[in-house]
Amino acid sequence: MGIKNRWGSVSDWDVTPRLWNTVRETWYLGFTSFGGPPVHFKIYQELFSVCQAFSGPGSTKMLYCINLIHDGFLPAVLGFLIWSLPAALGMFGLAIGISNVGEKLPRAAYALLSGLNAATVGIIALAAVQLAQKAITDKLTRLLVFLGAAAGLLYNALWYFPLLMFVAGVIAVVHDFRWLHGPVKWVGGLPGRVLGRKHEREPEAEGEAEAEAETQQEQQQPTPSRAASINSKKSTRHRLPTSTQDTTTTSTTQQQQPSSSPPASPSPRTLPETHNLQTHSRLSNLTWKTGLSLILLFLTTFITVLILRGTLSSPSPPLLYRLFSNLYLAGTIIFGGGPVVIPLLREYVVAEGWVSPRDFLIGLAIIQGFPGPNFNFAVYLGALAAAGGGYSPAAGAVAGYLGIYLPGLVTVHGTMGVWGAIRGWRWVRSSLRGVNAAAVGLIYTAVYRLWQIGWIDEGFEKGASLADDPWWVVVTASSYVGGCWFGLSPPVACVAGAVLGLLRYAVVG
């Protein structure tokens, strides 16, 4: 059976037009999309929330879902490859070059890299502010953005960020359903009630006795006005349920009236323009059962990977497997997108002794000048780790590429199948609101962590705070102001930062 889309009536199995559409709309993104996910997100706020609610690369998942909804599974995979491979190949080439570099770099190179880092911090800070303006819709989301950023600054662990996102979602649900509004109001009004009772106990004895006498007289002989008041209250109590019942009856009658169109599924207006989840279901044949099966399959593979790592024979599992399992774990539990994953990858690679802190910071600086997703940093780290362990750098790059991307893509694909069935549930939308706010807060955390290691030189190759030199503070501020007030694009800001770094070297030496 054919379907009607922008190409006309075509067969469900004829993917050639849709593949060509994906190539036409996506081919340049992998070469031109600088700045990471905070800069990539411009529209599709609901899809952004869904992508942020799960781990993995935020902008990559968003592009994948747009292509999945619009054209189907195979075009979505093709779009992902077009989007990610250009920068991945570039980072692989960089890893080959860095693996052949000596112990020390020229100081001019350190200055250039520090300028790139400083400019990047300004770009990400601006993107965090812009995303916060979209995520903040009320006092609750404002508070969650702040608490997410503050909690991320105070502590860092593998399990910590997923817990923050979960707690933020629960808080939003509790708030929106007003589960604690009654107890909070009761506690807040307790001092007033206590003080009020104290004042009530201080009337003059004569007035109190007179009031009691009047009350007893009214109870014995009710006046016409009192009787009318009682009858009015009774009438009101009888009328309120009738009004509610009438409204319910009217609503039920409207629902029972025949309609010329079939009943609509839960709000199919999802995201890309006129295409919706019904079109998505026809193109990808993905139902909520299939989506749930994908999520359960992923959880099974995740547990299996971790168990095998601890039970494989020999003193330790092979380096390539340990590398894959570490990055698979990173891709599974890291929330907040590229800006968050880069600082945290230290725990998965540098702390293992596979990559030196200097080489990590060199890649960190250079990837900011690369287009596409920041998760390609895992390709660079995987190639360096494999080369240092005596394996092929290409094998390490592939292990890093698959390990960092697969968890997010599989879970978000399964989620898109389930989303059409649950997106109308109020608690789902409330939890996404909280998760979205906390995810934006984590971007501020990434700004801080990049700031703390952004300045590198031959004396401190592990990185120092950009605040230690006012020049880097000025470079960061220039990047922020240029993008905020003068429309400076991220690639131009990165190049300007590198130039300013070289200028500092020329002046200071």
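Residue numbers in this text run from 1 along the chain shown.
Quick reminder: no glycine exception, Cβ is built from N, Cα and C everywhere.
Heads up, TrEMBL stuff is auto-annotated, nobody curated it.
As recorded in TrEMBL, the features of this protein are as follows:
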- 205-215: compositional bias 'Acidic residues' (COMPBIAS)
- 222-233: compositional bias 'Polar residues' (COMPBIAS)
- 241-259: compositional bias 'Low complexity' (COMPBIAS)
- 198-278: region 'Disordered' (REGION)
- 72-96: transmembrane segment (TRANSMEM)
- 108-128: transmembrane segment (TRANSMEM)
- 163-180: transmembrane segment (TRANSMEM)
- 286-308: transmembrane segment (TRANSMEM)
- 328-349: transmembrane segment (TRANSMEM)
- 361-386: transmembrane segment (TRANSMEM)
- 398-422: transmembrane segment (TRANSMEM)
- 434-451: transmembrane segment (TRANSMEM)
- 471-503: transmembrane segment (TRANSMEM)
| What residues in the same chain, six or more past the boundaries of the transmembrane segment (286-308), come closer than 8 Å to it by Cβ-Cβ distance? | 73, 280, 317, 321, 324-325, 328-329, 332, 407, 410-411, 413-422
| query | Under a Cβ pair cut-off of under 8 Å, which of the recorded stretches 72-96, 108-128, 163-180, 434-451, 471-503 contacts the transmembrane segment (398-422) most often? | reply | 72-96
| note | With the cut-off at Cβ under 8 Å and a gap of six or more residues from its ends, the chain residues touching the transmembrane segment (471-503) are 34-35, 39, 108, 111-123, 125-126, 129, 368-369, 371, 451, 454-455
| field | Cβ-Cβ under 8 Å with the transmembrane segment (108-128): same-chain residues at least 6 beyond its ends | value | 35-36, 38-39, 339, 361-362, 364-366, 368-369, 440, 443-444, 446-447, 450-451, 453-458, 466, 472-473, 475-484, 490, 493-494, 496-502, 504-505
